[in-house]
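Undergrad: Below are the features listed in TrEMBL for this protein:
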type	residues	note
SIGNAL	1-21	signal peptide
DOMAIN	79-159	domain 'Cadherin'
DOMAIN	160-268	domain 'Cadherin'
DOMAIN	269-383	domain 'Cadherin'
DOMAIN	384-488	domain 'Cadherin'
DOMAIN	488-598	domain 'Cadherin'
TRANSMEM	615-636	transmembrane segment
Amino acid sequence: MRTYHCFWLLFWAGQPHQSLLSPLSKRTSGFPEKEKVLVLSGNSRQDLHRSKRSWMWNQFFLLEEYTGTDYQYVGKLHSDQDKGDGSLKYILSGDGAGDLFIINENTGDIQATKRLDREEKPVYILRAQAINRRTGRPVEPESEFIIKIHDINDNEPMFTKDVYNASIPEMSDVGTFVVQVTATDADDPTYGNSAKVVYSILQGQPYFSVESETGIIKTALLNMDRENREQYQVVIQAKDMGGQMGGLSGTTTVNITLTDVNDNPPRFPQSTYQFRAPESMPLDSPVGRIKANDADVDENAEIEYSITEGDGYDMFGITTDKDTQEGIITVKKALDFENKNLYILKVEATNTHVDPRFLYLGPFKDSATVRIQVEDVDEPPMFSRPAYIMEVKEDVPLNSVIGTVTAQDPDAAKNPVKYSVDRHTDMDRIFNINSGNGSIFTSKPLDRETLLWHNITVIAAEINNPKQSSRVPVFIKVLDVNDNAPEFAMFYETFVCENAKAEQLIQTLSAVDKDDSYNGHQFSFSLAPEAASSSNFTLQDNRDNTAGIFTRKTRYNRHETSTYFLPVLISDNDYPIQSSTETVTIRVCACDHRGKMLSCNAEALIHPTGLSTGALIAILLCIIILLVTVVLFAALRRQRKKEPLIISKEDIRDNIVSYNDEGGGEEDTQAFDIGTLRNPEAIDDNKLRRDIVPETLFMPRRTATARDNTDVRDFINQRLKENDTDPTAPPYDSLATYAYEGNGSVAESLSSLESVTTDGDQDYDYLSDWGPRFKKLADMYGSMDSDKDS
């Protein structure tokens with residue numbers, strides 16, 4: 001049987017091995033119905049009959065979160081074959097068997113050893129069996145049953161987020177959706193109201209509301225203004241048990257921000273602004289800044305400024321600083337205090353992004369008056385023109401006035417002005433200016449053919465304040481006068497054949513004139529008066545600024561006259577007429593029958609195969625270069641032949657050769673042979689120097705042999721004298737250090753090594769006479785003598 005808190009499993013006597021077990025687990029609102037089992041007979045498979053059921057089982061229900069101190073009782077297993085004599089043993093297996101659930105193997109009582117949580121595991125499936133203790137065989141088939149955990153309200157609702165953030169535009173209508181919050185309950189939603197959640201608002205009224213079932217938050221107040229309050233914090237509660245008393249609850253915070261809309265027009269904080277601007281202010285310079293305030297932010301607060309009217313409408317401009325939303329008033333035209341010293345402007349500020357929904361709030365613009373006072377400053381003189389152009393003839397006399405510049409002080413004081421020429425623009429000081437009236441005059445002669453335009457700069461400065469000065473360019477054009485005579489366009493040198501005929505054209509002449517001519521130059525050609533009657537040639541003017549030279553006779557003889565110089569008179573047609581005499585050189589040459597020149601020199605007939613002077617000079621230069629090359633080559637070979645075998649990086653003529661070689665001792669025969677010094681007769685006549693390349697131009701000189709036991713100093717002096725007169729010696733000094741003490745030393749040898757080899761006794765008493773430095777030696781050797789005596 002089953003009660004509200006415990007469940008029973010009952011056994012009836014029957015045939016355990018042949019019964020079929022079928023669970024009936026339907027849950028009702030009251031006590032469970034009796035269960036019926038259809039069992040097949042175990043005696044015969046062919047006969048079916050109803051018998052008593054061996055097992056009866058049902059679902060067990062167990063409350064979660066048990067808080068008692070004893071184990072929680074679950075139910076009881078019992079077999080009708082249990083005689084109560086302890087012969088049967090009950091075994092439990094499955095989910096949590098032996099750990100979470102234990103069974104009394106004698107009585108079949110099941111208990112829970114731990115507190116259970118439905119949210120962790122709602123259902124446990126176990127298997128039960130009764131076995132004979134003595135044989136270990138089951139007396140009933142294994143049967144499966146379920147333990148289901150009953151839910152209690154032990155979990156509060158949990159929101160999906162700890163903090164929600166949302167935003168809505170300001171001035172939104174009532175009921176505008178803001179955000180939806182969601183809370184979940186871990187309890188069983190199918191059992192009671194433990195998981196039924198209801199939402200409510202704890203903080204945020206009367207501005208916002210929340211739907212109790214959906215958690216949707218909406219606006220509850222009309223025309224919420226961001227400029228009054230921008231941030232709202234709303235607290236929402238979620239409560240289970242349908243919101244009834246005793247239910248568990250959880251809360252979350254919703255931060256709601258009102259975003260800006262353009263619901264505020266710009267407004268100037270004052271109706272009139274005043275600024276001062278000096279008349280010397282450069283163009284596009286800022287005069288001042290004005291700003292209209294807008295309570296909106298970002299693009300809703302962007303303002304465009306404009307000048308709508310006023311007497312300075314064309315004198316000033318206004319722009320918008322995008323960073324500060326200020327209007328910057330700038331100068332568009334130059335100001336002049338003397339002409340106008342006060343300007344009145346009307347400036348308008350307008351929103352650039354207007355929301356049509358809020359046009360009913362009024363025009364989204366505002367205006368203000370701006371007064372600009374122009375201040376007087378000490379201005380430099382102003383010239384009457386931005387530039388001056390003057391003309392002057394090139395033959396104008398010195399100190400002639402060619403034009404005048406005018407400048408005045410624009411200030412009310414009208415200070416006097418003095419003029420000067422910027423000498424950086426007139427380095428030759430060709431022009432000068434009257435410092436009082438600004439008249440420009442020449443100080444040096446002009447020449448149009450040398451320089452057509454002169455560009456100078458005139459400076460006007462106030463006498464009382466020379467720092468106030470201004471400059472103006474003056475362009476002076478030099479006009480031409482006929483002051484240059486025409487001349488040949490080139491140097492004319494022509495020839496005439498010896499066999500030329502009379503009236504034969506030998507040269508055409510043309511002329512140029514440095515002067516300018518408005519109607520074009522017209523030149524006339526004629527022979528000079530001194531050559532007009534006696535000349536062998538005639539000249540014909542072609543009337544087109546050219547002339548031709550013709551022969552007057554039939555034949556010419558170059559042996560009689562090889563060159564003719566024909567003077568030609570050239571005149572222009574301008575006023576005053578200018579003329580010049582130019583000379584044409586005509587050489588008499590031998591020509592063939594076709595008039596082609598063969599030779600023009602009389603010497604060419606005597607030496608027809610001679611070379612020209614240029615060719616002879618070229619041949620001579622080639623010969624000189626060849627000789628110089630040969631000499632340099634020979635010198636280089638000789639220099640290379642005498643090159644020392646051992647070359648030092650710091651080679652100088654007085655050279656000491658350093659071998660950096662310790663040597664091989666007495667057996668080293670490759671270095672300088674010291675035996676030669678001891679035995680001069682052993683000098684090898686054929687041994688050559690080893691520091692330079694051997695030369696065979698001179699045979700080695702045979703030197704006289706030194707006598708026996710000659711001192712080394714005398715020997716070296718003798719050899720030095722011989723080498724000074726030896727033509728085969730090197731051209732510079734060579735030093736060889738032999739480190740040989742020589743014979744007959746005054747101090748003789750102080751070594752004690754040699755004394756060992758001698759049999760005679762030595763007297764060392766003289767060491768005591770040498771002073772304190774030799775006292776130690778005197779004591780040593782003196783004591784040795786005393787030991788020998790003893």
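Using N, Cα and C of the backbone, Cβ positions are placed for all residues, glycine too.
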Undergrad: When the domain 'Cadherin' (488-598) is classified with DSSP, how many of its residues are helical, how many are strand and how many are coil?
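TA: Summed by class, the stretch gives 3 helix, 53 strand, 55 coil.
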Undergrad: Could you break down the residues of the domain 'Cadherin' (79-159) into DSSP helix, strand and coil, giving a count for each?
TA: 0 helix, 36 strand, 45 coil
Undergrad: Based on DSSP, tally up the residues of the domain 'Cadherin' (160-268) by helix, strand and coil.
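TA: Counts, helix then strand then coil: 3 helix, 47 strand, 59 coil.
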Undergrad: If you average the pLDDT over the domain 'Cadherin' (384-488), what number do you get?
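TA: It averages 92.
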